[in-house]
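Sequence annotations record features per position, and here TrEMBL assigns domain 'ABC transmembrane type-1' to B:67-296. The transmembrane segment annotation in TrEMBL covers B:7-29, B:71-94, B:115-136, B:165-186, B:228-247, B:275-297.
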Amino acid sequence: MGSTSAQNSEGLGRRDVIKRSAAIGLITVPTMSFLASCASSDSGSDKKVEKGKATEKNPLGVNASAPLDFVLFDGGFGTEYATDAVKGYEKAFPDAKVKFTPTQKIQSELQPRFNGGTPPDLIDNSGAEQMDMGVLAGKKQLADLTPLMDAPSFDDPAKKVRDTLRPGVLEMGQLDGDPVWIMYYAYTVYGVWYSQTALDKLDAQYPEDWDAMLALCAKAKKKGIAGWTYAGKYPYYIPFSLYPFIGKIGGREVLDAIDNLEPNAWKHPAVKSAFEAYFELYKKGYILQGTPGLDHIQSQTAWTEGKALFIPNGSWVENEAAKTTPKDFQMKVAAPSSLDSSDKLPFGALWASGGEPFIVPANAKNPDGGMEQLRIMLSEESSKNFTSKVKSLSSFNGGTDGLSLSTALQAGVDALAKAGANVLNPRLQDWYVELQKQKIGVGVLGELMAGRMTPAEAVKKCQEFADATAKDSSIKHYKHQ
Amino acid sequence: MQHGKYRFIVGFLVFPLALYALFVVWPFIQSIYYSFTDWTGLSPDFTMVGFDNYTRMLDDDTFWSSLQHSLTFALLLPVVVLGLALFFAFMLNVGGRGRKGAAISGVRGSSFYKIVYFFPQVLSIAIVALLFQFAYNPNSGAINSALSAVGLDSVKPEWLGDPKLALWCVMAVLVWSTTGFFVVLFSAGMASIPKDFYEAALLDGASRFTTFFRITLPLLWDTVQSGWVYMGILALGAESFAVVQIMTVGPGGPADSTNVLTLLVYQKAFRDGQAAYATTIGVALLLVTLAFAAVVMRLGRRERLEF
């Protein structure tokens, strides 16, 4: 009975073998080996397809029979808008075969292809697995989109593509210098999101200054409604209303200095005032109980259920929260309230910028095809199709006439009109992902809003993190042009 | 049989060892090589940078806190999980009061418990993490709802949102999901211990406590040791990565309070485009793992009891 024992005179027993192999097996634990298998193959040895003849209909000189390889991030916007655009490409070039691949695993699927020198021709580099665009551009993996920008636009040959874009989109695509590496297709309005219906019930309008904001929160609290909630598990949602608030108080230069990682950028008084204003929301108990433990969906659900009035978010929230949003919710977005009359920018200044970054790899076989596909997507028809299908604005300036817009979309259009030239565009989140998300987002703002850090400490911490990033030579640094 | 024994063994092992060398050892050597480069992971060109990544790692606060959390996992989890599993397995197999003439039996309903304990093992770790994420929701999650149901309305911890609690919350999930497996493993081990040993002990008037420490544990030692190694692998490797990545704030937060080495490797390689630095952390993880294995093997060495 019992286990088979080793007969000691015979040396190596079964258990010894098992034990020793278990010991060897242990070193398989670190999960780094998967990384190693994919580098060190030669790059760019593949030939590009021959260029076609440039004509009025085909200004980029696309090879009409060359296949096009298009990889799309299949996220909140779905794939329909892109498949419709692909149909447009196939109509223009009936001989071309388009390989369209929607995926959520952008990085896992494309990283090996970049390393192998065989990337697709057009990529929607978005979502949780977004590839770092600074690294891609720095390593010369991206094609310059300037030919696309200078090409005549789809609808009006007299107008260049670059002149049909919304403010800031083109600049966002430049990392340093003139080349345009990225074409942001969606246009996102960030700000304070609320339900008009919920405000109506409190006989209130959106508070345009901070005293009114606090008064409204106090009124709501009496009725058992919290003033604010936010994605506590991903506190880097807070900047969607906080950064434009800072910019509004201290002017655009403050945000630019922060983006440029200038010494003492965070020590500007505007930053501290904004932090203090938000901290007051916590101190007065205007933040929904338990918010620091909620993820983005949970916080949005609490908000659509009417447990809180305001939430910092971006225009994708309409689509993302659609399932839990009541019919009479009247979702709207507004710019951050004024802190006081000494604010540098008037009420209305807000954050809007491009989303859904499209890139054309430098080693693509058919880069002209990729750019032509983008040109087709930037037509008025495609843009309208995008807006009506996914309830978001596109980077094409206009394209909303004749569409019946939801309250949220209409509020976005109105907010942009009110902002006018005061559209702010903080770049921290696409230039320094780790600094923005892990350090400042989770490490500081999350702690501040949960009451575990004072505004003064928060300012100090932000500055420390920014300085560390500025000093880190392994990170590529950018400056506002 | 002694003659040509090793040739015989080698003959069997050549093929698996070749596979092992190709798919495990070779990538390791490559990883170590890449840790001396500035490879981004996004393009095939890189240059050698010497020990830059290593000096950077030693200055990296996130690395040190991740290392600390990984070590906590590796040291604490096996103790808690194996301790619980041993206790449960003992109660299920030996701990009951004798009935129906059987001298040795488990507590009432032990066959039912055995199945229940195994349930978590059937669920994938990703599902478990998601389920607990809902349970930990401070606003409407199961745990806080239960707390207010028993009148503890004022106690509403933020669980994963609180840096002091988050690491323990994650650990609790790992304990919950792995204990069952070891209960079953140890039950099987206990079943092979001859009943007469227990009967003899009982005749001598030994308590359950004594029986456990004098009979069960020594005879089960080999199984416990394998369990220890296995649990260490879970705690340092994929399992801890999955729960931290899925459940925690950030992930890895709040304020780096739950980051572990595996998650840091992932973040550096796939979020920050610093694959070479990621492999450097991987090398550090390798050293930690080897040290863990060496310690376990040394501490666990005991004279084997034959029965």
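Including glycine, each Cβ sits where the backbone N, Cα and C put it.
Among the recorded stretches B:71-94, B:115-136, B:275-297, the one sharing the largest number of Cβ pairs closer than 8 Å with the transmembrane segment (B:165-186) is B:71-94.
Within its own chain, the transmembrane segment (B:115-136) is flanked in space by residues 88, 142-143, 159-160, 169, 173, 176-181, 183-184, 238-239, 242-243, 246-247, which lie at least six positions past its ends and keep a Cβ under 8 Å from the stretch. Panel annotation: around the transmembrane segment (B:275-297), residues 28, 31-32, 34-42, 46, 49, 53-54, 56-57, 63, 67, 70-71, 74, 225, 228-229, 232, 236, 261-262, 264-266, 268-269 of the same chain, lying at least six beyond its termini, place a Cβ under 8 Å from a Cβ of the stretch. Tertiary neighbourhood of the transmembrane segment (B:228-247): same-chain residues 70, 73-74, 77-78, 81-82, 125-126, 128-130, 132-133, 136, 160, 169-170, 173-174, 177-178, 182, 258-263, 266, 285, 288-289, 292-293, 296, 300, selected by CB-CB distance under 8 Å and a gap of 6+ residues from either end.
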